[in-house]
Amino acid sequence: MDTSSPAAFVNGGLLRMHVGRKVRTVIQVTRSDAGSVMGKSTDGCQLVVRGSPPAPLTSYVEVIGVAENENSIRAELWTNFGDSFDASNYDQLCQLANGELKHLFL
Amino acid sequence: MFSSSQFEDSSPLAGGGFMSSQLGGSTPSSAREIRDMQGLVPATVKQISEASQSGDEKSSFIIDGVDVANVTVVGMVFNKNSRSSDIRFHLDDGTGRIECIRWVTERLDTGDLDALEDGTYVRVNGHLQTFQSKRQLNAFSVRLVTNFDEVTCHYLECIHFHLQNSKVQSKANEAPDSSFGTPVRGASNGHHPASTNDFSMQYNADGLKSFDKLVLNYLQQPSNIDREMGIHVDELSQQLKSPLEKIKDAIEFLEREGLVYSSIDDYHYKAVEGL
């Protein structure tokens, strides 16, 4: 069993706390190019995700990768999360998972 | 042979692992009953990796002080390996990886699993066990996740289960269900002090709930101490923007603790001085 390299739940605001580390987040895609995707985080920030997204992309996509800086992620894994997704639920989860309940996750 | 005393705190589990603790009071007479009552416990792989073992012949695990045999985990499939007798894969839920085994009795059973690719989200329900000192999940159910709100929901359930059982363990005063029943909205975490508009119950080190402290602080203000007749509960309700019932509950508690007393009548209170 392996608990190394866990990924921290982040939204736009929490990304800066995990720069250089593995993170996971869900974004709502606003623009997608060959090497990167721009999207809105669950707390309304603009994020850039570098990598090769799957095609086609649904509106919401989860990315797991390494945080490059406070608004960009280098993605290793992409998962289409569909066109309807409860972003506010996920946002609350990010806050809980980074607060005093962090030990359940990281 | 089976002592039931170790199961005193597990009554919240009766009913499937997700239910609130209103079912307390029925201490089962045998350990086998416990196992049947447990249901599925939502857990992260990290929680599973940190769980201690209960040591009796059941060799079940303990998460948050509760005996756990079966868990439900949501994560991605990796390294799937299909054999004639079983299908194995690693489940990665972002907090860690655990090996899952689905024993194959009939080929028909596992049609779904054959098509599983790396990185696919699934929900695995299974029995926790140890093999060659590694923890594994003996999966009796592996299901594709189709609606991804299920992923968010699963982690919230893990949090809920954890908070539920930490509450039982620490034997704190009962908080109203609303504060933990809706972890998504309005829950303040431990880093933010409760504002006067947010009445989710937090506990200070001295055992006073935040709201009780609010009431006490108001009464302890020098200008209010000076008011000989005391403060009417209606004023407290107005000033603290809170329903009268809540004020009365807080006053009742503070009075029992010897921190406030009623002055000219049952509606006026003052803080005890010189504490």
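Any Cβ shown, glycine's included, is placed from N, Cα and C.
Because TrEMBL annotations are produced automatically, they should be read as predictions rather than curated entries.
What TrEMBL records for B:1-31, B:172-192 is region 'Disordered'. What TrEMBL records for B:19-30 is compositional bias 'Polar residues'. Summarising the annotation, TrEMBL assigns domain 'OB' to B:71-144. What TrEMBL lists as domain 'Replication protein A C-terminal' is B:160-267.
Mean pLDDT of the predicted structure over the domain 'Replication protein A C-terminal' (B:160-267): 72.
The helix, strand and coil residue counts that DSSP assigns across the domain 'OB' (B:71-144) are 8 helix, 48 strand, 18 coil.
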